[in-house]
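Just below is one structure, and these are the notes that go with it.
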Amino acid sequence: MKTNRTFTMIKPDAVANGHIGAILDHITKAGFKIVALKYTALSAQKAGEFYAVHSERGFYADLVNFMSSGPIVAAILEKDNAIADFRTLIGATDPTKADAGTIRNLFAKSIEANAVHGSDSDENADIEGSFFFSAFERF
Ligand code: CMP
């Protein structure tokens, strides 16, 4: 099912460094409509659930620790070709490999503290959006 929606988080590093406004500005100027938006925090348990797909990876424990270290902004975004266009907008997972002008190139600190998350498929966008938002929180 193609939804033209993606899910993002502004991660604890970018929130702590005061980049919420600048990142949302990049997102909306790139043509994404905000369908849902929430300033919240993940417990270690919730961060572990969100990233369960990576539970066998060596970086999992550190990732869970980092993602529960402070507040985040969660959002569902809408645009034609949302998944691919958002991944282009944010750049490579490793900010040293992210193209100039991408969100991770501008705001990320490291491969772990990489400023933003972006869904990798329509199916995962739906699962991840539903992790944070009820039907009454989407507009
Ligand atoms: P994200 O797009 O949120 O999806 C999985 C996250 O795991 C990724 O961003 C990074 O924050 C983190 N990650 C991926 N690869 C590594 C790695 N090699 N070392 C540390 N963290 C990683």
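Glycine too: its Cβ is placed from the backbone N, Cα and C atoms.
As recorded in TrEMBL, the features of this protein are as follows:
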ACT_SITE  His117  active site, pros-phosphohistidine intermediate
BINDING   Lys11, Phe59, Arg87, Thr93, Arg104, Asn114  ATP binding site
DOMAIN    3-137  domain 'Nucleoside diphosphate kinase-like'
DSSP helix/strand/coil residue counts for the domain 'Nucleoside diphosphate kinase-like' (3-137): 64 helix, 24 strand, 47 coil
Site with most surrounding Cβ atoms, counting all protein chains shown within 10 Å, from the recorded positions Lys11, Arg87, Arg104, His117: Lys11
Distance from His117 (active site, pros-phosphohistidine intermediate) back to Lys11 (ATP binding site), taken between C-alpha atoms, in Å: 7
Recorded ATP binding residues, Lys11, Phe59, Arg87, Thr93, Arg104, Asn114 - maximal Cα separation rounded to whole Å: 21
Cβ-based isolation winner (fewest other Cβ atoms within 10 Å) among the binding-site residues Thr93, Asn114: Thr93
Among Lys11, Arg87, Arg104, Asn114, the binding-site residues whose C-beta sits under 6 Å from ligand 1: Asn114
Other C-beta atoms that fall within 10 angstroms of the C-beta of Phe59 (ATP binding site): 12
Separation of alpha carbons, the residue listed as 'active site, pros-phosphohistidine intermediate' and Arg104 (ATP binding site) (Å): 10
